[in-house]
Structures are given as C-alpha cells and as structure tokens.
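Participant: This structure is in structure tokens; I'll ask about it shortly.
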Amino acid sequence: MARRVAAAAGPLGDDFSFVSPVAKYVLFFFNLLFWVISMVMVAVGVYARLLKHAEAAMACLAVDPAILLIMVGVLTFLITFCGCVGSLRENICLLQLFSVCLTIIFLLQLAVGVLGFVFSDEARGKVSEIINGAIVHYRDDLDLQNLIDFGQKEFSCCGGVSYKDWSQNMYFNCTATNPSRERCAVPFSCCLHDPQQAVINTMCGHGMQARGYLEASAFIHTNGCIDKLVNWTHSNLFLLGGITLGLALPQLVGIILAQLLINQIRDQIKLQLYNQQHRADPWY
C-alpha cells in the first residue's frame, strides 16, 4: 500500500515544478530587452541634457524632450527591473509590482485616449497651449527648436493658429521697440520649399509678419499647425490606432505572463508545503 502511495506521489515529488520554464524565461528576456532600451533612453537623454548651456537647460523644463526621455527611461528601467528579477528569482512581490505598474500605465493610456476623443475641444485647447508655450521658448532650447522646425516642415504650417503667432516670441515680436534683428520675422521652417534651391535661405522669413495673408502666402506657409495637426489626426486614425495597439500589446503580454507565472509560483509553494507536511507525518 505504501509503495502505491509513493508511486502516486512520485510525479509531484521534489523534481516536479508547476513553474513553466518557458513562461519564466520568456518574461525574463521580454523585460531584459526593454530594460536595455530604457538604459539607452536615459543615456541619450542625459547626453542631450549635458550638451546644453546652463541657462537654456533651466529655461523650459516642462517641454524639454531630453527631460521627457530621461523620465520615461527611468520609469521603464524600474518597471522592467522588477520584471527581470521577479521572473528570474520567482519573486511574487516583484512580479505583482511589475504587473500592477503595467496595468496602471495601460489604463492611463486608455483613459487619455477616451478623454481625448470625448473632450476633443478641451484637448485642442491643451494642444494650442502647448504649441504657444513652445513658440515662446523657441530660441531657449535647441531640441525644442529642432522639434518645432521639423513639425512646421512636415505639416507645411507656421505658428499655432497662424504665422502671426510668432510675435509671442521675444525675438520675433513685431513691436517697434523690439531691438532684435529677427523682428517681425518667422523661422525659416515656415518658408515655402523651392526644389531648385540647393542651399536653404535661413533669412527667408524676415519681415513676413508685417505682410498680409495673401502677400505672405507667396513666401511662407500662413496656416497654423493646430488645424493641420487635427486634420492629419483625422486622416490617419487607422495608423494611430495601429501605433496604440503596438504600444499596448507588449504591456498586455507582460501582464498576462506575469499573472501566469505568479499563479504557477503559488501552486509550487502549495506543493512544497504539502510535501513538507507529509514528510513530517510518521505515516508518510
């Protein structure tokens, strides 16, 4: 009788484990990949930050792409570190923390998407506020300047609502008391592109704010970037949906794998306790 009990308990003995090596190491390498990516993001952000002058670094922290890159990199580093160590060491607390953080981030992304769709007017106002703030600090931050120039070239636009929004910047301000050489000008990224022009004329936007819409439209883009951005968003909903799904899918995979591994570890703990109780039983 004892032999039959031992034989029946054999498959669930010390060599048996509920923890799947596939789930464990897939989750580990999944987190390791994003852990390395997060370190690269932090390194690039710190490097970009150190290249700036001290005055420029303090001018516009809220819209600094380098600071944003560092923050996202540090957050990703901490979360994926929990996932790496938790999966490798089979630590339930770290895996739970990893799963909860991913769930919160996923729900926040979902909430932002829904709120942006429902409160589109308010979202448009917030975008307008961000763009106007970026215009004000255009010359204060090189990364921000390159970002604005890239956006104006890609969307063939100038300013927020119109090209005259550049008067909010102290260098491009159109008042008579402004001593800047760029008074009443707009950045060269607002200018119409001439395919036959081999060298970019960075002075092409000078004096454009003093001209009317029809006169200025012969040299620069007069439409603002807000309307162009809204129209582009409406025209590329499927692309944006695909990007959103691409960002959400790894998070869902991480959450599912973490929960699967947590359940397997708990089953393994129950098995170990069961075996310990039966070893202590003199009739085992």
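Any Cβ shown, glycine's included, is placed from N, Cα and C.
Annotations in TrEMBL come from automatic prediction, not curation.
Pulled the feature table from TrEMBL, pasting it below:
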TRANSMEM  25-48  transmembrane segment
TRANSMEM  60-88  transmembrane segment
TRANSMEM  94-119  transmembrane segment
DISULFID  Cys157-Cys190  disulfide bond
DISULFID  Cys158-Cys174  disulfide bond
TRANSMEM  237-262  transmembrane segment
Participant: Count the CB pairs under 8 A between the transmembrane segment (60-88) and each of 25-48, 94-119, 237-262, then give me the winner.
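Facilitator: That would be 25-48.
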Participant: Which sequence positions outside the transmembrane segment (94-119), separated from its termini by at least 6 residues, show Cβ-Cβ distances below 8 Å to it?
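Facilitator: Distal contacts: 31, 79-80, 82-83, 85-87, 244, 247-248, 251-252, 254-255, 258-259, 261-262, 265.
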Participant: Give the distance between the Cα atoms of Cys158 (disulfide bond) and Cys190 (disulfide bond), rounded to the nearest whole Å.
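Facilitator: About 5 Å separates the two Cα atoms.
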Participant: About how far apart, in whole Å, are the alpha carbons (Cα) of Cys174 (disulfide bond) and Cys190 (disulfide bond)?
Facilitator: 17
Participant: Can you count the other CB atoms that lie within 10 A of the CB of Cys157 (disulfide bond)?
Facilitator: 24
Participant: Validating a neighbour-count step here. Other CB atoms within 10 A of the CB of Cys190 (disulfide bond): how many?
Facilitator: 25
Participant: Taking 10 A as the limit, how many CB atoms besides its own sit near the CB of Cys158 (disulfide bond)?
Facilitator: 26
